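Sequence annotations record features per position, and here TrEMBL assigns domain 'Glycosyltransferase family 28 N-terminal' to 3-137. Per TrEMBL, the feature UDP-N-acetyl-alpha-D-glucosamine binding site maps to T10, G11, G12, N122, R158, S186, I239, A258, L259, T260, V261, A262, E263, Q284. Look at TrEMBL and you will find 180-342 tagged as domain 'Glycosyl transferase family 28 C-terminal'.
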Amino acid sequence: MKIAIAAGGTGGHVFPGLAVAEQLMALGHDVVWLGTEQGFEARVLADRPIAARWIRIAGVRGKGVSTLLAAPLRLLRAISECWLALRAERPDVLLGLGGFVAGPTGLAAWLRRIPLVIHEQNAAAGLTNRALSRIATVNLQAFPGAIAGAEVVGNPVRSSFADLPDPAVRQSDEGEPVRLLVVGGSQGAKALNQIVPAALARLPAALRPRVTHQGGRTVAVAEAAYAQAAVDADIIPFIDDIASAYATADLVVCRSGALTVAELAAAGCASILVPFPAAVDDHQTANAAYLADAGAALLMPEATLSPERLAEALRPLLTDRARRLSMAQQARTLAWPDACQRIVDVCLQAGGRA
């Protein structure tokens, strides 16, 4: 069977698609990826044996008037390109995982009568998936209530998460330095790069954790902030093996994209979540609430975040191993370890050859 995957833009759309693609290929199925050549997906797929077709499309929400006026023409062009790509590839089913390309590709699949499966990763459904849910063959969602009537399957994470030991085994012992991981998502987070070092500087030296900080695109900001705060940290632009990073973390400070929340649950990590305030439909706050409401995380809006408030939140977590462990174990109860297999099964069923 051949499965087309439409996903792009950010790691939250791309990495779940990659997990599904790799599992489908391991089962002997063909996969073709539809995305944009300028998107995050192009970099991720560059060194992987997955066929790809690039579509010319970009987002319009939050853009200028000229972009909005040109949007209908660009959308028609994108639908035409998607229609031609699907005609050439002839997939048995299309899996849409969000991003700019998923809308026109999903519509083109519907026009070509190709079974359409969509998966909503966030707790608040995006515009594209809300629209496509009306014509999709099957609707899937990671969080309950994102799309009315959709099956809840969780978010796929990389297979390496399945091998991580229980949080009780991984947590640092009493008296040992706490290991803090700071992650700003696939694009980084300038606010975290600035505020976390300043917050750590406000803690007594004996209480400061061992820090690993993914700085993303603004890694230079993090380096300067740690230097100014006189706080030691291992600062890197991007973590390729995120599962191993979570495995050696006692506490995580991060954004709350859908993939990050799924990974925190899969790994079983206590966390302080700072939702990206400009996320469309404020979906990161909804994602964060999923963990926070269950006692697995603290939710701290960026609008009220300061070095002083973050230091105040960190202090009890750095000194209370039992509390960190309780949060980590609670996070793991919210994981969907079979999410990838569930999505694969639905795609094969929709394609008619389960």
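Cβ coordinates are placed from backbone N, Cα and C, and glycine is handled just like the others.
Caution: TrEMBL annotation is automatic and unverified by curators.
One residue stands out among the binding-site residues I239, L259, V261 for having the most other Cβ atoms within 10 Å of its Cβ: V261. Secondary structure at L259 (UDP-N-acetyl-alpha-D-glucosamine binding site), taken from DSSP and collapsed to helix, strand or coil, is helix. The number of other Cβ atoms within 10 Å of the Cβ belonging to T10 (UDP-N-acetyl-alpha-D-glucosamine binding site), over all protein chains shown, comes to 20. Here the binding-site residues are G12, R158, and the one ringed by the most other CB atoms within 10 angstroms is G12. Mean predicted confidence for the domain 'Glycosyl transferase family 28 C-terminal' (180-342): the pLDDT average there is 95. The domain 'Glycosyltransferase family 28 N-terminal' (3-137): residue composition by secondary structure is 63 helix, 23 strand, 49 coil, according to DSSP.
E263 (UDP-N-acetyl-alpha-D-glucosamine binding site) counts 25 other C-beta atoms within 10 Å of its own C-beta, drawing on all protein chains shown. Secondary structure from DSSP puts R158 (UDP-N-acetyl-alpha-D-glucosamine binding site) in coil.
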